[in-house]
Every structure is written in structure tokens, then in C-alpha cells.
């Protein structure tokens with residue numbers, strides 16, 4: 001397994017709409033394993049393939065406290081949304097930024113697991129929010145897209161400043 005590079009906003013590759021996985025192969029399973037390792041290495045609770053410049057419909061999530069219960073969703077599709085919720089979200093592709101995003105409180109999602117078996121999942125609370133956040137990535141959408149243009153610009157400017165600082169430190 002290997003750690004993949006996470007793209008950061010405003011990288012245009014984050015806007016790419018992911019294509020469905022045609023067949024779960026050993027290559028796809030390696031991508032899944034690398035994504036899980038990357039998610040843990042970056043201390044995230046979710047990661048979409050788009051974030052690591054792989055434009056296929058693959059998501060990994062682990063909201064467990066023990067950080068050893070990874071969930072794999074290949075070709076995920078939300079079948080139903082219920083209620084309203086929202087928490088202050090962050091994102092590995094938008095480091096250091098957080099914002100309140102309106103989301104459904106509960107979702108029903110259909111997907112394939114790491115072995116290509118179809119399953120349906122009823123999710124609520126943090127898991128429901130995380131699923132919606134990661135599936136947005138597969139559509140080329142980021143949580144900052146829910147913000148006002150001014151807030152989005154402030155975040156973009158802050159990230160550019162951090163990037164310039166880091167480049168000077170090298």
C-alpha cells in the first residue's frame with residue numbers, strides 16, 4: 001500500500017466528475033487500499049478518489065473512534081434523503097478551513113463493497129453527512145461551493161498564502 005497525494009483547492013482536477021467503476025478488479029482494490037492508507041495518514045474520516053486524482057466513483061470512510069473500521073463505497077448512489085442537519089465540515093482538500101454546510105440528516109445509499117458485492121446502507125448523523133460530503137467530490141463539488149463567494153475567496157486566499165509560505169521554507 002502507498003500514501004497518495006491529496007489535491008488541494010483550487011486545483012481544477014477536483015472539479016472532474018468521476019466515472020463509474022466498470023468492474024472491481026485487483027487494480028481497483030489496490031486503489032481502495034491506497035485510499036484507506038492515505039485517509040488514515042492524513043487523519044481524515046473520508047476520502048473520495050477524485051481527491052487523489054483518480055476520477056472513478058470510489059469513496060472510503062472511517063468515522064470509528066478506533067480508526068480501524070474502513071467502509072468502502074464503489075459506485076455509490078444516494079437513493080433517499082430525509083430530514084435536515086448540518087455540522088461544521090472540514091476537508092482534506094481544503095486544509096485548515098471549516099464551514100457549516102446544510103445536509104440531509106439521514107440517507108439511504110446503494111454501493112458496491114471492496115469485493116464488488118452490492119449493499120444498501122441506512123446512515124444518519126456523522127456518517128450520513130460524511131457520505132454526502134464524499135459523494136459531492138465525485139460530482140466535482142466541494143463543501144466551499146455551499147459558501148458565499150466572499151467566504152470561498154477568503155479560503156482560497158488563505159490556502160494560497162500557506163502554499164507560498166511552505167514553498168519558501170523548502
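Placement of Cβ uses the backbone N, Cα and C atoms for every residue, glycine included.
The Fe cation binding site feature in Swiss-Prot is assigned to 91, 133, 137. The secondary structure of residue 91 (Fe cation binding site), as reduced to three states from DSSP, is coil rather than helix or strand.
Annotation for residue 134 (active site): spatial neighbours 46, 47, 48, 59, 61, 73, 76, criterion Cβ-Cβ under 8 Å with sequence separation of six or more. What Swiss-Prot records for 134 is active site.
Cβ neighbour count for residue 137 (Fe cation binding site) (all protein chains, 10 Å cutoff from its Cβ): 25. Within its own chain, residue 133 (Fe cation binding site) has 46, 89, 91, 101, 103, 143 as residues 6 or more apart in sequence whose C-beta sits under 8 angstroms from its own. Each residue in 46, 48, 51, 89, 92, 93, 134, 136, 142, 143 lies on the same chain as 91, 133, 137 and has a C-beta within 8 Å of the C-beta centroid of that Fe cation site, without being one of the site residues.
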